[in-house]
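As recorded in Swiss-Prot, the features of this protein are as follows:
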- GLU60, GLU61, THR76, GLU77: Ca(2+) 1 binding site (BINDING)
- GLU61, GLU77, ASP80, ASP82: Ca(2+) 2 binding site (BINDING)
- HIS91, ASP98: Zn(2+) binding site (BINDING)
Amino acid sequence: YGRRRHPKKLTPLAYKQFIPNVAEKTLGASGRYEGKITRNSERFKELTPNYNPDIIFKDEENTVMNQWPGVKLRVTEGWDEDGHHFEESLHYEGRAVDITTSDRDNSKYGTLSRLAVEAGF
């Protein structure tokens, strides 16, 4: 049977570092822009809301809790319709998310970014 992998050392991302190292709206990072989703569009029905006040963010592996016990992942913005992002922002499609930690300790953001990359975001 398979052997258990040793967890690899997580290197925090540097400020303004991207994985992949390309802009958010390039094909290599996120695919083609599919168009803004409005509340009245059919695609809006495909978005999955989270109304549970006890859940800040889905973290099945508890990576944030394992890294920083007692700290939760905090989503500050997901799908958006307010027009405060650039025209083809992935926030308008529900494909971008802005995250922080519940303690708002910005010294954790590099490692948080790495955890997001490792989780497939």
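Cβ atoms here come from the backbone N, Cα and C positions, even for glycine.
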Legend entry - Mapped DSSP class for ASP82 (Ca(2+) 2 binding site), helix or strand or coil: coil
Legend entry - Residue among binding-site residues THR76, GLU77, ASP80, ASP82 with Cα closest to the Cα of HIS91 (Zn(2+) binding site): ASP80
Inset, instruction - State which of the following binding-site residues has the fewest other Cβ atoms within 10 Å around its Cβ: GLU77, ASP80, ASP82, ASP98. - result: ASP82
Inset, instruction - According to DSSP, folded down to helix, strand and coil, what is GLU77 (Ca(2+) 1 binding site)? - result: strand
Legend entry - Local Cβ density at THR76 (Ca(2+) 1 binding site) - other Cβ atoms counted within 10 Å: 9
